[in-house]
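A.B. asks: One structure, pasted below without further comment.
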Amino acid sequence: MLVYLAEYLTQFYTGFNVFSYVTFRAILALLTALMFSLWWGPKLIERLQVLQIGQVVRNDGPESHFSKRGTPTMGGLLILAGIFIGVLLWGDLGSRYVWVMLFVLGSFGLIGFIDDYRKVVRKDPKGLIARWKYIFQSLAALVVAFYLFYSTKHPGETQLVVPFFKDILPQLGLMFIVLTYFTIVGASNAVNLTDGLDGLAIMPTVMVAAAFALIAYLSGHVQFANYLHIPYLPGSGELVIVCTAIVGAGLGFLWFNTYPAQVFMGDVGSLSLGAALGTIAVLVRQEILLVIMGGVFVMETLSVILQVGSYKLRGQRIFRMAPIHHHYELKGWPEPRVIVRFWIISLFLVLLGLATLKLR
């Protein structure tokens, strides 16, 4: 929004031209989202406590989690508000990339909000019925998939980038819609499954978003894109603003979500952030790279799939409890140890993913 004001004021003072640089606006978006989250966090937590919007804890979960019962949840509203303000203030609102991301964050955030509302306000332990949650997620993801496919402006927008192979860039055709759908819905639910310990989901999300900020910047510059053998995507630089806003809002939320958490993000946060990461991966053509950099999310999801599959097929469980972070808790690991070690794994995987840009 302010980029247009700065563009107008440039004719009176050339110093305003600095706002035309994506990197400068990205820093401002990060700081804006961060400061908003830090400023409004205590107010939101206090309000949630007054409204008695507290976390519902499973009776069959680790005993250490019983003390979390009643901790304010739906803190994802703080994250989303910070992201929206950062993007709307410093993003180029003429960019379709920006509006796609705002739609994804808003739609998946609404799905998560309804789920949280039913759980903590209406005291329905099941929340939004899984079938309807999946249907709503699918509808939102398909809207994005069809829009992106039929609004393609550059061949690189529908290519599949395969890490380590610079000459393998197949055109996906209609498979683009299928891949986009599964990437967005899969990432949304993967982050949701990971959000089971204090700060466990938000820090890997911040790391992956920061990495995608760099990738979006490189993809938007023809020289860098050609050098790294990745698709050149004109205008993708605006995704840097979205990514840094996610980083800022995420770090601000982590201030209150770190162990022992004062607030949880709830589904309103985890579903929307996961969908956002999936959409960014699609927009910069790095779906496979998301699997690498978001390896913690993949690991958590696979542990649930394997646990359910093993129990149904063999009548035996592989892990003491799934997702896998609960397995380590039941083995006796203190919660902070599980969290930090998963953070370290996430950092390693993000750096590995970035390294693949050069290892081709």
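Note: Cβ is positioned from N, Cα and C throughout, glycine not excepted.
This is the feature table in Swiss-Prot:
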- 26-46: transmembrane segment (TRANSMEM)
- 74-94: transmembrane segment (TRANSMEM)
- 97-117: transmembrane segment (TRANSMEM)
- 132-152: transmembrane segment (TRANSMEM)
- 168-188: transmembrane segment (TRANSMEM)
- 199-219: transmembrane segment (TRANSMEM)
- 236-256: transmembrane segment (TRANSMEM)
- 263-283: transmembrane segment (TRANSMEM)
- 288-308: transmembrane segment (TRANSMEM)
- 338-358: transmembrane segment (TRANSMEM)
A.B. asks: Given pairs 6 or more apart, does the transmembrane segment (199-219) have at least three Cβ pairs under 8 Å with the transmembrane segment (236-256)?
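C.D. replies: Yes, the transmembrane segment (199-219) and the transmembrane segment (236-256) are in contact.
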A.B. asks: Counting CB pairs under 8 Å, which listed stretch among 26-46, 168-188, 263-283, 288-308 touches the transmembrane segment (97-117) the most?
C.D. replies: 263-283
A.B. asks: Report yes or no: does the transmembrane segment (74-94) come within contact of the transmembrane segment (236-256), defined as 3 or more CB pairs under 8 Å with a sequence separation of 6 or more?
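C.D. replies: Contact criterion met.
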A.B. asks: Please figure out which one of 26-46, 132-152, 168-188, 236-256 racks up the most CB pairs under 8 Å against the transmembrane segment (263-283).
C.D. replies: 168-188
A.B. asks: Is it the case that the transmembrane segment (26-46) and the transmembrane segment (236-256) touch, counting contact as three or more CB pairs under 8 Å in which the residues of each pair are 6 or more positions apart?
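C.D. replies: They are in contact.
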A.B. asks: Return yes if the transmembrane segment (168-188) and the transmembrane segment (236-256) have at least 3 CB pairs under 8 Å (sequence gap of 6 or more), otherwise no.
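C.D. replies: Contact absent: fewer than 3 Cβ pairs fall under 8 Å.
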A.B. asks: Should anything in the same chain at least six residues away from the transmembrane segment (236-256) have a Cβ under 8 Å from its Cβ atoms, list it; otherwise answer none.
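C.D. replies: Non-local partners: 22-23, 25-27, 29-38, 41-42, 45, 75, 78-83, 86-87, 90-92, 95, 97-98, 101, 199, 202-203, 205-206, 209-210, 212-213, 216-217, 219-221, 262-263, 265, 269, 273, 276, 280, 283-284.
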A.B. asks: Hey, which bits of the same chain come close to the transmembrane segment (288-308), Cβ under 8 Å, at least six residues off its ends?
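C.D. replies: Tertiary neighbours of the transmembrane segment (288-308) are 160-163, 183, 186-187, 189-191, 193-194, 204, 207-208, 211, 215, 274, 277-278, 281, 317-319, 322-325, 327, 342, 345-346, 349-350, 352-354, 356.
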A.B. asks: Report, as numbers and ranges, every residue of the chain located at least six residues beyond the transmembrane segment (132-152) whose Cβ falls under 8 Å of a Cβ in that stretch; write 'none' if there are none.
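C.D. replies: Distant contacts of the transmembrane segment (132-152): 96, 100, 103-104, 107-108, 111, 115, 158, 174, 176-178, 180-181, 184-185, 188-189, 271, 275, 279, 282-283.
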